[in-house]
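All remarks here apply to the structure that follows.
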Amino acid sequence: SVGFKAGVKEYKLTYYTPEYQTKDTDILAAFRVTPQPGVPPEEAGAAVAAESSTGTWTTVWTDGLTSLDRYKGRCYRIERVVGEKDQYIAYVAYPLDLFEEGSVTNMFTSIVGNVFGFKALRALRLEDLRIPPAYVKTFQGPPHGIQVERDKLNKYGRPLLGCTIKPKLGLSAKNYGRAVYECLRGGLDFTKDDENVNSQPFMRWRDRFLFCAEALYKAQAETGEIKGHYLNATAGTCEEMIKRAVFARELGVPIVMHDYLTGGFTANTSLAHYCRDNGLLLHIHRAMHAVIDRQKNHGIHFRVLAKALRMSGGDHIHSGTVVGKLEGERDITLGFVDLLRDDFVEQDRSRGIYFTQDWVSLPGVLPVASGGIHVWHMPALTEIFGDDSVLQFGGGTLGHPWGNAPGAVANRVALEACVQARNEGRDLAQEGNAIIREACKWSPELAAACEVWKEIVFNFAAVDVLDK
């Protein structure tokens with residue numbers, strides 16, 4: 001015998017190591033595991049660790065050519081999920097040498113690439129990742145970050161205001177540019193291409209970029225404020241995407257946009273590097289995220305996708321609203337909003353944060369609240385998200401009975417009123433409606449908006465809630 005014993009052995013004999021002390025350089029993962037009936041949780045957790053690192057289903061002789069102890073993932077702790085039958089949180093530690101430096105693509109391919117189709121598991125969800133500083137430092141991260149963006153735009157002490165141009169598809173480039181101009185002239189900081197506006201027959205990208213740039217400069221000249229429009233550079237190839245970003249830079253506009261999940265992390269990181277080198281801000285839309293993160297027991301939680309985006313690079317990212325038409329439970333949302341903005345975030349299970357995360361010097365990302373929000377939500381949004389955020393009202397601007405510019409005026413007046421009231425020490429949660437009503441007295445545009453949307457509510461329970 002040469003010391004190689006062929007055959008199949010239980011994963012837990014090699015990959016379940018409850019005595020393991022995690023290292024500062026390990027990438028730590030928290031998986032929500034639902035094993036098949038009859039599979040013990042230790043075996044399920046060990047299987048996840050094995051299949052997402054060095055293991056396969058049988059012993060192979062080439063295992064003897066390397067040091068498995070150095071390279072294997074380890075399931076080092078298992079907790080039962082309170083209130084759920086047959087669900088466990090399995091904590092897995094991965095040695096840093098398993099991952100290519102500066103590659104979110106490789107990190108995800110390793111950790112979630114194969115294991116989610118594993119037969120011994122009924123369902124699997126990646127709840128959180130701890131990225132060690134040693135790995136964080138291999139990433140450029142956001143092209144500019146929150147402070148540099150404020151300096152570029154010369155806007156301080158309040159959230160920024162945006163608007164997605166609707167109808168999202170079907171407008172000609174000239175009419176699209178007109179809608180952009182009216183919104184920006186009315187007082188918004190940004191307007192936005194919808195995520196599926198790329199380069200379709202009714203509006204080719206180059207025409208849209210030109211008319212939007214014209215709208216931008218006209219609105220800037222009239223208002224004396226710096227304006228931006230998120231020009232969506234997402235395309236079918238990376239080369240085409242960069243070509244669009246180059247054209248945006250040549251036009252002198254401040255910001256471009258990318259759909260990072262449909263476009264992919266490799267494309268996103270390439271674009272983020274281009275944006276830093278050329279002074280462009282980068283707005284990130286999370287189209288397709290709910291396919292991955294909506295189910296509570298299977299997939300990847302958005303806080304992981306948010307961390308991945310901060311590493312890959314983006315200056316803004318959509319992060320739910322807590323109050324509008326799209327998913328977003330308050331404590332969970334605030335948990336990943338902090339992970340986007342702050343340098344250091346403590347473990348806090350009450351907000352779904354499984355690990356303490358130290359971002360060292362990686363710039364922060366502005367969370368974007370968008371989806372079914374309007375002027376009545378302004379006090380809540382100002383209080384929940386604070387100054388370092390972008391509040392985006394699509395229908396809540398363009399749906400104004402008097403048109404786009406008055407819709408923009410209404411939002412800007414409501415925001416300024418809320419910020420002023422907060423700075424005076426008033427309680428936005430308690431007095432929010434009164435603050436908006438007072439502001440209506442000297443803004444007919446706001447009064448008209450308040451009248452239109454006074455009855456609108458989206459009362460559905462959040463699907464993804466904290467474990468009780």
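Positions of Cβ are set from backbone N, Cα and C atoms, glycine also.
Annotated features in Swiss-Prot:
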MOD_RES   Lys5  N6,N6,N6-trimethyllysine
BINDING   Asn114, Thr164, Lys168, Arg286, His318, Ser370  substrate binding site
ACT_SITE  Lys166  active site, proton acceptor
BINDING   Lys192, Asp194, Glu195  Mg(2+) binding site
MOD_RES   Lys192  N6-carboxylysine
ACT_SITE  His285  active site, proton acceptor
SITE      Lys325  site 'Transition state stabilizer'
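Known features from Swiss-Prot, placed on the structure.
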residue	record	DSSP (3 states)
Lys5	N6,N6,N6-trimethyllysine	coil
Asn114	substrate binding site	coil
Thr164	substrate binding site	strand
Lys192	Mg(2+) binding site	strand
His285	active site, proton acceptor	strand
Ser370	substrate binding site	strand
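In this entry, Asn114, Thr164, Lys168, Arg286, His318, Ser370 make up the residues listed for substrate, with the farthest two CA atoms of the set 37 Å from each other. Cα separation, Asn114 (substrate binding site) to Lys5 (N6,N6,N6-trimethyllysine), rounded: 26 Å.
Each residue in Thr164, Ile165, Lys168, Asp193, Asn196, Val197, Tyr230, Asn232, Met257, His285 lies on the same chain as Lys192, Asp194, Glu195 and has a C-beta within 8 Å of the C-beta centroid of that Mg(2+) site, without being one of the site residues.
Taking a C-beta cut-off of under 8 angstroms and a sequence separation of 6 or more, Lys5 (N6,N6,N6-trimethyllysine) has the following same-chain neighbours: Thr59. His285 (active site, proton acceptor) has a Cβ environment of 28 other Cβ atoms inside 10 Å. Using CA atoms as reference points, the recorded positions Lys166, Lys168, Arg286 were checked against Asp194 (Mg(2+) binding site), and the closest is Lys168. If you compare Cα positions, Arg286 (substrate binding site) sits closest to Glu195 out of the recorded positions Lys166, Lys192, Glu195. In terms of Cα spacing, the recorded positions Lys166, His318, Ser370 all stay beyond 10 Å of Glu195 (Mg(2+) binding site). Packing around Lys166 (active site, proton acceptor) is summarised by its Cβ count: 16 other Cβ atoms lie within 10 angstroms of its Cβ, all protein chains included.
Around Thr164 (substrate binding site), the C-beta neighbours below 8 angstroms that are at least 6 residues distant in the chain are Thr191, Lys192, Asp193, Asp194, Ser370, Gln392, Gly394. For the pair His285 (active site, proton acceptor) and His318 (substrate binding site), the C-alpha distance works out to 6 angstrom.
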